[in-house]
C-alpha cells in the first residue's frame, strides 16, 4: 500500500489562503451593510424635511416655472455657476505663456537673436490678450486714466526708508553727474522701441545673472555680489535698471551695458544687506568710472 506524503509548507499555505478568503468574505459583508445603511432605522417623513428640500421635484421633461425658480436664493447656488479649471481664462492664459516660453528657448537654441524673438513674441501675446480678454463694455477711457492716476498717486505716497534714501543718493548723484542728462524719452512715443529696450536689458542681465562683480567693502576688502543675490524678479530689476542714466540709450543702440553699475544701483535701492556691507563713497566713484567708460564708447 502506497503512502501519500504532504509537504507541511503546502498545508501552511492552504491555511493562509483560507484565512484570506474569510477576511475577504467579511470585507464584502461589511461593504454590503454600509451600502444598505440608508435602508435601516426609522423612515424619514417628508413633512419633516428642511424647507429647501421641499422645493425639490422630479424632472418630468417640462420646463420649470420661472416664478418658482426666482424664489430660490442666488447666493446658495453660486458654486453651480463657477467654471471648471479648464474653462478659466486665466488658467488658459498661463498655459499659453508656458508654451511661449518653451518656444522662445527652442528659437534661442537654434541661433536666433533674443531681441528679434522677443519683439515677435510680444506682438503674439498682445494679439492673444486682445482676442481672449476683450475690454468690458461701459468703461470709458476716462475711467482707465482715473484708475491709472490713482495707482500712480498711491505709489508716490508710499513712504521709503530714510536709511535707504540717504545711502543711495550719493551714488545716484555721482552717476547722474558722470553721464550728463538722462536718455531721451523716445520710449514714450514708440512703444515697440520701449519693449525692445526692456528686452535688451533683460537679455544682458540674464546672461550674467549669477556672475559676481567686485564692490568696495566697508571692511576695506572686496565685496562679491551678483544679481541673483537680490532675490528680485527679472522684470523688477529691468524697471529699476532703466532709471540708471544712459542705460536706456545704450540698450536702444544695442551696446553693452555697465552691468556692475546697474547692479550697484539696483542693490542700493532694494537690498539693505548690500547697503550695510558696501562702502558708498568708493562705490560712487566706481559707478561713475563705469558709466564714463561705457557711454564714451
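Quick reminder: no glycine exception, Cβ is built from N, Cα and C everywhere.
Keep in mind that this is a model prediction, so the values were computed, not measured.
Here Swiss-Prot flags 140-157 as compositional bias 'Basic and acidic residues'.
Per Swiss-Prot, compositional bias 'Polar residues' is recorded for 158-170.
The phosphoserine annotation in Swiss-Prot covers 63 (among others), and the record cites similarity to another entry as its basis.
The feature phosphoserine is assigned by Swiss-Prot to 162 (among others).
According to Swiss-Prot, the feature phosphoserine maps to 210 (among others). Around residue 210 (phosphoserine), a 10 Å sphere centred on its CB holds 10 further CB atoms from the protein chains shown.
Taking Cβ-Cβ distances under 8 Å and a sequence gap of 6 or more within the same chain, the neighbours of residue 271 (phosphoserine) are 229, 230. Look at Swiss-Prot and you will find 271 (among others) tagged as phosphoserine, backed by similarity to another entry.
What Swiss-Prot lists as region 'Disordered' is 132-189.
Per Swiss-Prot, the feature region 'DYNLL1 and DYNLL2 binding' maps to 138-172; the stated evidence is similarity to another entry.
The motif 'Nuclear export signal' annotation in Swiss-Prot covers 49-58.
Within the model, the motif 'Nuclear localization signal' (211-214) shows a mean pLDDT value of 90, rounded to a whole number. The motif 'Nuclear localization signal' annotation in Swiss-Prot covers 211-214.
Non-local neighbours of the motif 'Nuclear localization signal' (211-214) in the same chain are 222-226, 259-260, 263; each lies 6+ residues outside the stretch with a CB under 8 Å from one of its CB atoms. With helix defined as DSSP H, G or I and strand as E or B, the motif 'Nuclear localization signal' (211-214) counts 0 helix, 2 strand, 2 coil.
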